[in-house]
Amino acid sequence: MFEDNNQKRPLYIPYAGPALLETPLLNKGCAFTSEERSSFNLEGLLPQNIETIEEQAERAYRQFMAFGNDLDKHIYLRNIQDTNETLFYRLLHNHLTEMLPVIYTPTVGKACEEFSNIYRRARGLFISYPDKDRIDDMLQNATKQNVKVIVVTDGERILGLGDQGIGGMGIPIGKLSLYTACGGISPAYCLPVVLDVGTNNQQLLSDPFYMGWRNPRISGEEYAEFVDAFIQAVKRRWPDILLQFEDFAQNNAMPLLNRYKNELCCFNDDIQGTAAVTLGSLIAACKASGAKLSEKRVAFLGAGSAGCGIAEQIVAQMKAEGLTDAQARGRVFMVDRFGLITDKIPNQLDFQRRLSQPVGRIADWPVGDNISLLEVMEHGRPDILIGVSGQPGLFTEEVVKTMHKHCTRPIIFPLSNPTSRVEATPADLIRWTDGQALVATGSPFAPVEYKGKRYVIAQCNNSFIFPGIGLGVIASGATRVTDAMLMSASRALAECSPLVKGAEGSLLPDLADIHQVSRYIAKMVAKTAMLQGKAVQTPDEVIDQAIEANFWRPEYRRYRRTSF
């Protein structure tokens, strides 16, 4: 729990020569000192000049800027990550706002689609169904022994791009990069995993260069048993792991979370992380206008696991503000491709049924059976509109202007990723509401100029939440991720909103402040874990010390030679 993070202490290294240069966690390149070059048999293997990490980072940045498109920049950064991780994170530290969209959304989506074509070097674990009886051995093969955070995907629902098979590995790699860059979690503790259960993407199956298991996806009992075999093996190998489920399809995401959330320390970022950052943003938006969330009405376009996860967090916050469960749910309207979800619609999933509107509550609406989003705008009169549909352009001018008729300051969050899937662009939303809409998006957008005013578009990015949650779990030794811990993360994020502190501020903090935001979220998460008995009670100052002790910095340490 209270690990020494004094990076001035030397590391004792058993590797030497080319083996040391080929170890990304330890390689310093031309920053090895003369003493280290002699001690580790590196003389003659490196150019003569000894550089600082800042000199290396400046050269790397110049090379980065020479590439003409973001996918090539992504490939370049991944190459640095696979050769010198400390330099990679120093480069991100120096240019985080610029590079975050390159290492993660939206560029990571294209990298996943092209995974087999741009593959350079293995990172993480590829666990394929044909090898299901050897999962324990595979975990022993991991190059990192003291793993504390795993991000795992099966590649079936990658962003808004669907089934990418083994190419989904780009998401765990990218997410864990953010755990380190934003939350200070050492890369030595992070392990990306893809469960290769086949793919139903015919384009991939027909591609001669596809690197995954060439088979249709397994499902049902076969799938459940395979995932369980993986989970049980992880528990044997790393009993105190924090495991994040990532980009699982709707029919698997919620069942897996419900099955394992009380068995190990785990959460689903698409459901819970997205919900937490969205709720934090909404709380901040309401505070800035002097209102409570419980006074608002909320419409969703998209009623999958992510949308319903956000809705449940909103309901929980409304109840915390004094509403009954029925009152809170009556203020939430879930719309899918068939229209508003009501309690008379058959074949609903369990998590949708809890959010369906009773037909009696909308009996006075002059509408037919399939109630459109536009009709919800007209008769439900929501103040907040959230898009998690994965379908572009569905927040039409008519829908938005209808909302604006009854809502002076509409809050509109088109959250679908990547940018090509967004429900409406910020420029359109601001224009259609004459600059009155408060907008946050799932992917990054440039500021919008409208009538002489500049509107900064907040990115409702999970990177404001999950790194802090991870840091809080590791620092406190929490054994579970609970709903209350996620709620604490949301409220902590809202407290960090510049808009709450000043009318002209941004809805979410600047990425330049992400380390302090993550530290604060980590502290609130840790305190809640302790209050719930999920971590050992310690005073505030000890929590602060634990967070700092676990906050890794991209700096080279001195090396001393030792033997195996």
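Just so you know, the numbers here start at 1 and follow the chain as drawn.
The backbone N, Cα and C atoms fix where each Cβ goes, and this holds for glycine too.
Listed features, source Swiss-Prot:
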- K175: active site, proton acceptor (ACT_SITE)
- R157, D270, N417: NAD(+) binding site (BINDING)
- E246, D247, D270: divalent metal cation binding site (BINDING)
- D270: site 'Important for activity' (SITE)
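On the structure: features taken from Swiss-Prot.
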| residue | record | DSSP class |
| --- | --- | --- |
| R157 | NAD(+) binding site | coil |
| K175 | active site, proton acceptor | helix |
| E246 | divalent metal cation binding site | coil |
| D270 | NAD(+) binding site | helix |
| N417 | NAD(+) binding site | coil |
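Listed in chain order, the extra residues whose Cβ falls within 8 Å of the Cβ center of the divalent metal cation site residues E246, D247, D270 are T153, R157, I158, I171, F245, F248, A253, N268, D269. Taking the centre of the Cβ atoms of R157, D270, N417 as the NAD(+) site, the nearby residues of that chain (Cβ within 8 Å, site residues left out) are I158, L159, G160, D247, A306, G390.
The number of other CB atoms found within 10 A of the CB of E246 (divalent metal cation binding site), across every protein chain shown, is 29. Largest Cα to Cα distance within the recorded NAD(+) binders R157, D270, N417: about 11 Å as a whole number. The distance from the Cα of K175 (active site, proton acceptor) to the Cα of D247 (divalent metal cation binding site) comes to 11 Å. Distance from the CA of D270 (NAD(+) binding site) to the CA of D247 (divalent metal cation binding site) is 7 Å. Taking the Cβ of D247 (divalent metal cation binding site) as centre and 10 Å as the limit, one finds 25 other Cβ atoms among all the protein chains shown. Counting only the Cα atoms, the space from D270 (NAD(+) binding site) to E246 (divalent metal cation binding site) is about 6 angstrom. Every protein chain shown contributes to the tally, and the Cβ of D270 (NAD(+) binding site) ends up with 26 other Cβ atoms within 10 Å.
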